[in-house]
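First the structure, in the form of structure tokens, and then the observations on it.
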Amino acid sequence: MAAHRAVPSAGTVRILTVALVCLLLTTALLTPALAASSGFERTAVDGDRTSAVQLQKTADPADAAIYTDVEDSIKSANGTIEVVLRLEEATIPADATEAEAERLLETHAAETQESLLEHVADTPGVDVESEFWLTNAVLLEIDADRIDLETLEILAAVDPVEAVHENFELSVPEEPTVDGTSSTAEMPVDGDEISGTTQLTTPGIAQLNAPAVWESYDTRGDGVRVAVLDTGVDADHPSIDLYTEDPSDPTYPGGWAEFDAAGERVEGSTPYDSGTHGTHVSGTVAGNAASGAQIGVAPDAELLHGLVLNETSGSFAQIIAGMEWALEEEADVISMSLGATGTHSPLIDPVQNAVDSGAVVVAAIGNDGEETSNSPGNVYEAISVGAVHTDGTVASFSGGETINRSDWTHEQASWPSSYVVPDVVAHGVAVFSAVPGGGYQPMPGTSMATPHVSGTVALMLSAEPDATAEEISTALYGTTWKPDGADADTMDTRYGHGIVDAKAATNALVDTREAIDTDSADGTTETESKTTAPYSQLFAAGVSVIVVFVAAVALVAARSVSRETER
């Protein structure tokens, strides 16, 4: 008798169909949870700015944008010009540590730049000047007499190049003209009771309420490293001590670096100030009381200084090189009293990646008044700073505006549709601090307000070394104040959130960290309590359900087929 092949009954087919549909539905439901638990998604929320860090968006290399300034330069220039080729940025997992993020940026840049460097080597009239990892970029020198726009377009099409722009200039915000800037004025002082004695400070430090942090937390920035990127510093000034000045120290010159316009470190450079600006802002961050009054917000912080501005201005490459150096020196805070007016998309990635790598970026918003702002201060992840008088009124020159996401050439999908700058304000009119040659002088500007906030962040980190950039900004923004008559509940383009209160911000940060430590002691980490745990638990449960369900259906189907075969 010929063998008879069993055919599943209609009932069996229905069982298997139901099983397949259930499996697909369950998988679809779990997919978002799996994505979230993997740590590859970070988003920002409309409203007040935070220091949220996001993943970078990568564009099709074939769509690489050549900025108009480069096109115009290529068409009109004689001799050489410098252009920056930007390659796709590394995607940093949300759960990466700061050290892992920095290593990933470095390795990604090295690997992805290789093909471009090969093309450049085979292109006459084009030379590589510098390579960067903080943002994936290569600086090229182009002989405009030998290279036309078409040749540049060929280079721009090399995978994974995304954009081409000039090595544009950033500068110290133009010094405003306001009362109280005479170089012969006597330094005003305020007295604060510290450990039973009166400590004289500048009005800006008193306005910050910084002495209360010194007293309550027994710290003046100990253990925190602040990198000031500016015009240089007079390291022989009696009020300023760099991280190290001793040539016999094996880390020398760990507290100092100078960079040229191509972003290359100047070998053998020793500390000096190419102007006066850098010494002044450095003194406000971490200057001591050699003058008889305390001029620095965090005098015990470890001060580093990178010369990235020659007298008043520097190039994009200089600033990026300085930021890279600051991260390599393990700076906790990067303070930049510099910028370029308007929204400059090339500065977005460096700021975001610096924050990802563990630094808090603090930058001046600019001195061009209302409805203006500077980059990198107006980059969403930076802490932007405006200026106020000692009575708390906003200085007329202080910048501030509402930034629309669409204002940027390269929109960031995870940014809110609009946000307000500055984030905060601090004393920035007739600020007394150090100047080269051992003296002291008042200066106005958001440049002078910025180091007050950088020093405040140093105090906060000294009290809570494990705090994240987001925790710091949340505490900083949530504890500000405004004078009577100003709307304290609304973030506006003059005050931002308000005037910084170092003591209140440090208190808030300590409370936040204590709550996190309590959660950790209960067996729940900060990350788990906010994101990972619910999704990972849901995913594990879902997988278990699928396995059990499919096994049961398979058993039923097998029995059904067996019965049909027996028949």
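Even glycines carry a Cβ here, placed using N, Cα and C.
Long-range Cβ proximity for Asp230 (active site, charge relay system), meaning a same-chain Cβ under 8 A and a gap of 6 or more residues, is found for Val172, His277, Gly278, Val281, Ser282, His305, Gly306, Leu307, Val308, Leu309, Met336, Ser337, Leu338. Here TrEMBL flags Asp230 (among others) as active site, charge relay system.
Per TrEMBL, active site, charge relay system is recorded for His277 (among others).
Every protein chain considered, the tally of other Cβ atoms within 10 Å of the Cβ of Ser447 (active site, charge relay system) stands at 30. Marked as active site, charge relay system by TrEMBL: Ser447 (among others).
Look at TrEMBL and you will find 221-498 tagged as domain 'Peptidase S8/S53'.
The transmembrane segment annotation in TrEMBL covers 538-558.
With a 10 A radius on its CB, His277 (active site, charge relay system) counts 26 other CB atoms from all the protein chains. Under the DSSP three-state reduction, Asp230 (active site, charge relay system) is assigned to strand.
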